[in-house]
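Chemist: For reference, the structure I am asking about is given below.
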């Protein structure tokens, strides 16, 4: 056992070696807070002031400390890090508990191998694979698309593959609502804010979902996320962001938007027929449903909006077969089982026609003119109003609107924006849109 009076001398020599391997900023934040408790030929015990510091040092610097001990003492001595026994505040304990949890557990079913690739999602899939192959080469990766198109699947695939590739690297998956709530909680004290910063700055990869929920009202949260983004970006840490809309449509400060466009923006469209058929075929095999080709075709043809609706239909079929101990089902029975999932689709198609007819009538046009390709001014405004009504009022996805009018997704975005500008300045047009909205939202 080393004598008590020699502990400080030995510790200072160890710290001197450690300081050669770590930047001054991190040395001051993490290493300088540690204390040497005991050291002998069997074990070196070090005290950390908090669970946050302990976890971070164990993840990032323990091997550096052990090598410094070898350099100083000539022996390879294992290091044990303990937490100082002073009473922690209840708030600090809560935050440290969240930091001390195991890394996020990614869904094992959401892998690159199980992701059905087609023209609607190929760019996002390729970019996601590249994030794993060469982290931070594409940075950030911004994936956007409507609900149920596969964004979450790709996020989990990226996280799980990065973890498999290098188990020592830490990956954080967080939805922006959780990030905002955690940050608001941390604002209660300087100590909590410091722990919050340490937590998020420690990750090698940050995956953020639902970024569209970050609004301009959350000034401090935006500032914190902006600082975190820059911190990770400058250190070439991979950042992946998912949203239901392009970054240009986010209600956030321009400086954040400008960061998001520095990498790749990958749009995932609603799955085409080929992709839908691939999804139902793949999952029906996994679930051992034994569905015939005509049933698979029916499901792929009838459920277009959302892959989750497809999977929900398969779950309905599975439960029905299990409940009645059936080996096979015919097409008529499947139609009966999933009829409630098809009802929504029929209603949406019905609304399309009614809304377009209503707009055409207001402008003394016919629907064929509005649905056509003509660029005449007297047709563009009504067409844009249709875009606006279908998307903003009746919640039809922009990709669906684009398919309905046989135009590009970006054209729909432009049309919706132009209509929003028009309505803010033109009282007559605003009344027209409100009249159509109120009439058909009640039906």
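Counting starts with 1 at the first residue shown.
Every residue gets a Cβ built from N, Cα and C, even glycine.
According to Swiss-Prot, the feature region 'Domain I, interacts with DnaA modulators' maps to 1-80. Swiss-Prot lists 80-104 with the feature region 'Domain II'. Residues annotated as region 'Domain III, AAA+ region' in Swiss-Prot: 105-321. As annotated by Swiss-Prot, ATP binding site applies to 148, 150, 151, 152, with the evidence given as sequence analysis. What Swiss-Prot records for 322-443 is region 'Domain IV, binds dsDNA'.
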Chemist: Can you tell me the mean pLDDT for the region 'Domain II' (80-104)?
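Modeler: Summarising the region 'Domain II' (80-104) by its mean pLDDT gives 59.
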Chemist: State the three-class DSSP label for residue 151 (ATP binding site), counting H, G and I as helix, E and B as strand, and everything else as coil.
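Modeler: Assignment for residue 151 (ATP binding site) reads helix.
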Chemist: Around the C-beta of residue 150 (ATP binding site), how many further C-beta atoms are within 10 angstroms, looking at every protein chain?
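Modeler: If we count other Cβ atoms within 10 Å of residue 150 (ATP binding site), we arrive at 24.
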Chemist: Determine how many residues of the region 'Domain IV, binds dsDNA' (322-443) DSSP places in helix, in strand and in coil.
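Modeler: Secondary-structure composition of the region 'Domain IV, binds dsDNA' (322-443): 94 helix, 0 strand, 28 coil.
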Chemist: Count up the helix, strand and coil residues in the region 'Domain I, interacts with DnaA modulators' (1-80) according to DSSP, in that order.
Modeler: 47 helix, 12 strand, 21 coil
Chemist: Once 148, 150, 151, 152 are set aside, which residues in the chain still have Cβ within 8 Å of the Cβ centroid of the ATP site?
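Modeler: Counting only non-site residues, the set is 145, 147, 149, 153, 154, 268, 307.
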Chemist: Are there any residues at least 6 positions away along the chain from residue 152 (ATP binding site) with a Cβ closer than 8 Å to its Cβ? List them or say none.
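Modeler: Looking at Cβ-Cβ distances below 8 Å from residue 152 (ATP binding site), excluding near sequence neighbours, one finds 110, 209, 242.
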Chemist: With every protein chain in view, how many other Cβ atoms are within 10 Å of the Cβ of residue 148 (ATP binding site)?
Modeler: 19
